[in-house]
Each structure stands twice: as structure tokens, then as C-alpha cells.
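Okay, structure first, notes after.
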Amino acid sequence: MTLKDDKSTRATALAVTALVTTIAAMSMATPAQAQFVCSDGAASAQGATATGSGANFACGPGANATGASGSNNTATGTGANASGDRSGNTATGLANASGDNSSNSAYGNNTNASGNGSTNTAAGAGAIASGNGSKNIATGFEANAGGDNSNNIASGNRANAVGANSSNLASGNGANASGNKSNNNASGTRANASGDISSNVATGLNANASGSGSRNVATGDGANASGASSYNAATGFLSNASGTNAGNTATGAGARAQGNGSANVAFGVSANASGNGVANTAVGGGSNATGAYSSAFGSGASATYANSTAIGTGATATRANQQAFGTATNTYTMAGVTSAASRAAQSGPLQVVTTDSGGNLGSSTLGDLGIAGTADIAGINGQIAGINNRLSDLDGKSSKALNGVSMAFAMSGTPWVMPEERFAMSLNWGAFQGTNALALSGALRLGDHVQANGGVAYGTNGGGVGGRVGVRIGW
């Protein structure tokens, strides 16, 4: 034996010794305990069942994956079930994923994803996603997304999104989005968006947007937008826009816009615009418009009568067809009233704006108020002119009368024919009240006992010429 052969023999011996030692060690080790029991379509072991297609796979005590040829179902976990012909359903945990021609997936204890021709997904303890021809998704504890031919999504504990031929979305614990042929969206804890053939949207804690054939929108905690065949919108904490066949809008905490067949608008904290078949408007905190086609603008403004309007803080309309501005403490300014453009816009006889003690406005003619108008003034001016003419005439006559007195004084000095005289003359002057007169008088003896006399006087102050004649008889 050569040295080379000796070395080869020793190497072989060492290898054999190592192999024997390894086998002995393995034979003395404690046997392993099986944690999962798996099976495929070609074999079965210890409770797991995979039947039908060779591609089905079950792993876990009581797990079941079944389906005819062409299936690729997978069940993983104790009691998991994935079943359906020509499907690729997946169940993980104590879950069920079933349906023919489907790819449904269920993840979590007591979850269920089922439906033929579907791709439904349920994830979360007790979650359910069901419906034929659907792609519904339920995520969260006891979440539910269901409906045939739908794409509903429920996300959140006990969220619910259901409806056939729909794409409803519920997001938030206890949220609900439901309705057939709808696209309702509920986002927020216990938010609700519901109604058939609708696209209602509710966003916020306990928000509600509901109504069939509607597009109502509620935004804010406790907001409500509801009504069939409507497009109501409520924005703000506890705001409310509701009514059938309506388009009411409420914006602001506690704002209310309500009424069937209406288009009411309420804007402001606790603003209220309500009424059926009308279009009322309330703008401002606590404003109130409830009369038919009424409007209230300003904090606390109120218009509760038909066709009434209240403008300004605290303004109140107190009768139908009234326009109320402000309160008794307000003043009013209209800068454009005095403009040339305003005057140019006027036509016809002008009138005067009037008011009573309650601030009720009106207009009257000057004649109604006992004040002369243009025509009246023209008539008065004519009368005054006539009076002036008469006064002028009277003044002239007065002047003549005064001058006449002066003339009378001047002619009062009658001449006397002495016994030896046949004829006598005298020239006299008279004055009275600033007037003056001259008189020429004469006397003629007609017989022993008869005399004729006469005189002519002239008033220097416009009195003119006057005269007299007389006869004296004596015996």
C-alpha cells in the first residue's frame, strides 16, 4: 500500500464517521410539532382540504380551498374557506372568499367576500363585501360593502356602503352610504348619504344627506341636507337645508333653509329662510325670512310677510309688500338724490316725500299739503299783479284826493262884492298832507240882492284842475 492510498482510505473513514454521527444525532432529537397543516390539489394532510383544480391551496386546520379546474383559490388559516369555479378567491384567517369566476379576497376573522363574477374585498374582523359582478370593498371591523354590479366602498368600523349598480362610499366609523344606482358619499363618524339614483354627499360627524333622485350636500357636524328630487345644501354645525323638489341653501351654524319646491337661502348663524314654493332670503346672524318671497338682510332682521323686505340690523317688516329700513335710531343718507342725473331722471309734476310719526314714507302734491304749486303760484302772482294795479290806482286816487283837499281849501275863500262894486276876484293857496293847490275865484253882482260866484283850482301834486260855481241871494 502506498502513502497515497493510505491518505485516501483515512479520508473516506472520516467522512463515513461524520455521516454516522449526524444520523445518530438526528435520531435522538425531539420530533417537531406541526403549527400549520397545508394541502394542495394533489395531496391532502391532517385536515386541510384542497380539491378540484390542482392550483387550489389550503393551509391551516380546517382550511378549505375548492373549485373546478381552472381555479386558483387560496385558503390560509384555521377554518379559512376559498371556493368557486374558475376563480382566484383568497381567504386569510377564519374567513370566507367564495364565488364563481371571481377574485374575491377576505382577510381577518369572520370576514366574508363573496359574489359571482366579482372582485370583492373584505378586510377586518367581521367585514363583509358581497355582490355579483361587483368590486365592493369593506375595510374595518364589521364593515359592509354590498350590491350587485357595484363599486361600493365601506371604510371604518361598522361602515356600510350598499346598493345595486352603485358606487357608494362610506368612510368613518358607523358611516352609511346606500342606494341603488347611486353615487352617494358619506364621510365622518355616523355620517349618512342615502337615496336611490342619487349623488348625495354628507361630510362630518352625524352629517346627513339623503333623498332619492337628489344631489343634496351636507357639510359639518350634524348638518342635514335632505329631500327627494332635490339639490339642497347645508354647510355648518347643525345647519339644515331640506325639502322635496327643492334647492334650498343653509350656510352657518344652526342656519335653516327649508321648504318643498323652494329655493330659500339662509346665510349666517341661526339664519332662517323657510316656506313652500317660494324663494326667501335671510342674510345675517339670527335673520328671519318666512313670508312668501321675503328678504331679510342684517343681524336680527325679520321679514315675515309676503313680498316684504327688512334691511339693516334689527329691521322688521310689519306688513305685506313693505320695505323696512333700519330702526328708529338710524339716520338715512342718499347722496345721489341731489345729483343732476337724479333730477334729469324725473318727469312730470314733482311731488314731495312725506312721512308720519312711524316713519312710513309716501309722496304728496303741494296742493295736497295746502302748499301752492307752480300753477298756483302763477295764479297768485296774477292776482297780486291785479292787486298791485289796484293799489297803484288807489294810491294815485289817494294822492288826488289829498290834493283835492288842498284845492278845496284854496277855493274856500269866496270873494265878496261890496255895495259899490260890481265884480270882485281873489287868488288863494291851500295845503294839506304835503299837497298844495292854487285857486282863482270871482264874484259878480247880478242884482241888489243876488250875487254869482265861482272859482277854479289847480292841484300842484297831481290833483288836476277843479272848479265850482254858486249864487248868493240875500234879503
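Each position is counted from 1, following the chain as shown.
Cβ from N, Cα, C; glycine included.
Among the features that TrEMBL reports, compositional bias 'Polar residues' is placed at 76-92. What TrEMBL records for 93-112, 172-188 is compositional bias 'Low complexity'. The domain 'Trimeric autotransporter adhesin YadA-like C-terminal membrane anchor' annotation in TrEMBL covers 419-475. Sequence annotations record features per position, and here TrEMBL assigns region 'Disordered' to 76-112, 172-194. Positions annotated as signal peptide by TrEMBL: 1-34.
When Cβ-Cβ distances below 8 Å are used as the criterion, the compositional bias 'Polar residues' (76-92) is approached by residues 52, 56-68, 70, 98-108, 111, 113, 116 of the same chain, each at least six residues removed from its ends. Same-chain residues lying 6 or more positions outside the region 'Disordered' (172-194) and placing a CB less than 8 Å from one of its CB atoms are 140, 147, 152, 154-166, 200-210, 212, 221. The list of residues near the compositional bias 'Low complexity' (93-112) in space but at least 6 beyond its ends in sequence, with Cβ under 8 angstroms from a Cβ of it, reads 73, 75-87, 118-130, 132.
Secondary structure by DSSP for the compositional bias 'Polar residues' (76-92): 0 helix, 7 strand, 10 coil.
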